[in-house]
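Report on one structure; see the data block that follows.
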C-alpha cells in the first residue's frame, strides 16, 4: 500500500496516527506521541527538553528512560543514540543499526521506513512477514497480538479445537474426532501422566501476568525477555508459589491435601459438589450473583390472533383418542360420574360456549369427558392422558365456569391480587400458552387471567397483577417471589393446578418450592381447596409423592396406559454414531451434504420441524449449519433471553422459521399448529421425556412423524421397544435384539452390552 503507516511520505504529511504528529510513532514539531516529537517533542515517558520519547526525537532525543541529551534508551536519538533498536551509531540490540525503534532516519524504524518493514509496513507492525504480535500479518490478529496475556494482545481464537469452525466447542463438534498428539506432563515434559500425577519435583512456574505485551513480550522470541517481557509493558511479578485450593497451604494441590475436603458451596456439607447438591439452591450474595434484571415487556396479540394462533383442526386420526380405555380409581368405592359427550353437557356459560366454538373445539376428548364433570363436582384429580388430547381445556373450562357461576372473581374493590386459582407450569412458554388459552375462554366475561413468569420485567409483571387477577398462571420461582413480598395474596385461593405435574414434583427444586407455596400460612389447606394434576406421564414414584398434595378421596383418571405414546405419531429410528448425526439431519431435511444447498421445492420450507438436542451450544451450532444451507432455522433454550425465546416461538408458529432447534424448555406442553416432524438429534435421559418430545406433533388427531437418532450406548432401547408395542407400531428387528441386552448380529456388528450414558428453568 502506498499509504501504509510506515510510509515516509505519508508520515511527514500526517498530523495524527501511528508514526505521525501527535501519534503513536512521534510527531513533526513539538508533537507528543507514543514515539516522541521531532523537535522538543515529548513521547511516552518523554522529558522536558530535547524530547525523550518512546521512540526518541530527531535531535538530542532519548528513548524510554533515556537522558535529556544524547541519552540512550528505548529508541534513542540521532546522535549517540542507542536503545530499543539502536540509533545510527549506537549499536543494534533490537533490529540492527540504523533501524531504531522510531529510529533516526527515514530508512526504517518505529513509524517510518520502507513499506516492507517498520511499524505498520506491509508485513504489519514491525515489518517482515508478520507484525507486532501478529498471528498472521496483522496488528493483534489471530491467536496472539497486542495486549493479550501470554501472546501480546488481540482477540482470542474461540474456534472449535477439532474442526476450527466457530460457534461451538470441540466437545460439541459434529465432525469426526481428529487424532491428537500424545500429551505430556506439564511439569517434566514426559508422556504417560499428567502434572498432578508427576513424581518429579514441582518446577516453579514462570510469571505470566502483567500489562502491555503480556508474558511473551514485545519483540521477544519466545522467552520472557523483550519489551514487556515477564509481565508486559510496565512489568509484572513472577507468579507466587502454588497454593492448595482446599486449605490454601503451599506446596501441594487440593487433590493431595491432607486436610478434610471443603464442603458443598451450597449447603456446606461434605461428600458432594454444589452441582450435585440435593438441597434447594441458595441465592448468591452480591451483585455478581443476581444477574441482569429482566426488562422484557411482551406485546399482547389481539384476541382474533389468539383464537387463530392455536386453533388446530381435528385430524383424520382424531377418533383414535376414543379407542383408548378409560380407568377411574379412587379411595371411594364408587364415583358417581356421567361423562359429558359434548361441550353442551359441560354446564358452561353461554359466553364460554361461544368462545369454545370460536376456538375450534367441537367434540370432547376422553380426558375432557371425565375431567369436566369431576372438577365441577369438587374432586381432587390426578389425570394422565396422551399428548395433544386437550388436557388444558379439561381443567380450565370447569374452573372458570364454577368461578363465574359463583361470581367469585378478584375485583378492583378488593385492593390487590387475590387469585382464586393458581396454575403452575415447568416452563415460561407453557405458562404463556395456557394464559392465551385462558384468554380465549374468558373473552367477553368479567374474569381476568394473568401470566407470572421469569424473564418478564418484574415491575411490569407486578403492575399487571396488582390490578387484580382471578386466575394466575406461571412458573414456580416468580409466583413464589410475589407471594413472599405480599403482591400475591393466597387467602382466597380455591383451585391449585399443577400442569406437567410429574415434572413439577420430580424435578429438583420444583418440589420444594411447591411445598413452600402450599404451606404458606395464607394458603388454604388441601381440605379447603381443590388440587388438580395433569400430565401425559405419571411414574409410580411421582404418583406416591403427589398424594401428599391431594385429599384422600382424589380420583385418578388414566386414559389408555399411563405413559403411553400418542398413537397418531409414526415413530422412526436411525442407527448412527455421534459423528454421523449431522449428515443424517441434513439428509432428513433435504439438504445436499456435499454442496450445502437445498431445492426450493423441499418440504423443509413448507412443513414445520422441531429438532431436540441436549446442549445449548449444539442448538446454536446446528442452527448456524442449517442457515448456511439457506434453511431458515432458529433456536430456543435456557441461555436465551425471554425476548429472544418468545420471538423464536412466534417465528416458528407463523412459519417464517420452519425449523426450531430446542432443548428441554420446549419438550413439554407446547401446542404448535402444523408441526409435522420431530427429530431427536440427541436422545433424552428418560423415556417420559421421549414421550413428551414426540408429542409436539400428532396433535388433535393429526398425523405426525418422529425420527430419533440412536447410538450404540443408548440406555432407552428396551423401554422404546415397549413404547412402540403399546402404540401398535412395528418394532425393528435390531431394536428387539438390543432390548434383550446385546446388540448381536442385527445390531452394530458385535455383541455389546447396553451402556447407560452419564448424566433445564429458573424464574
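Just so you know, glycine gets a Cβ as well, placed from its N, Cα and C.
Annotation comment: Swiss-Prot describes 1-30, 193-230 as region 'Disordered'. According to Swiss-Prot, the compositional bias 'Gly residues' annotation covers 18-30, 209-230. Here Swiss-Prot flags 24-33 as repeat '1'. If you look up Swiss-Prot, you'll see 24-93 marked as region '7 X 10 AA tandem repeats, Gly-rich'. The annotation repeat '2' is assigned in Swiss-Prot to 34-43. If you look up Swiss-Prot, you'll see 44-53 marked as repeat '3'. Swiss-Prot lists 54-63 with the feature repeat '4'. Feature annotation from Swiss-Prot assigns repeat '5' to 64-73. Among the features that Swiss-Prot reports, repeat '6' is placed at 74-83. Look at Swiss-Prot and you will find 84-93 tagged as repeat '7'. The compositional bias 'Basic and acidic residues' annotation in Swiss-Prot covers 194-208. Under the heading domain 'Helicase ATP-binding', Swiss-Prot lists 372-556, citing sequence analysis as support. Taken from Swiss-Prot, the feature motif 'Phosphodegron' covers 423-427, and the record attributes it to an author's statement. For 499-502, the entry in Swiss-Prot reads motif 'DEAD box'. Residues or ranges marked as domain 'Helicase C-terminal' in Swiss-Prot: 592-739.
Sequence-distant contacts of the motif 'DEAD box' (499-502) (same chain, six or more residues past either end, CB-CB distance under 8 Å): 382, 391-392, 395, 423-426, 430, 434, 533-535, 537-539, 542, 546, 668-669, 688, 692.
Using DSSP to sort the residues of the motif 'DEAD box' (499-502) gives these counts of helix, strand and coil: 2 helix, 1 strand, 1 coil. Taken through DSSP, the motif 'Phosphodegron' (423-427) splits into 0 helix, 3 strand, 2 coil.
Per DSSP, the domain 'Helicase C-terminal' (592-739) is made up of 60 helix, 27 strand, 61 coil.
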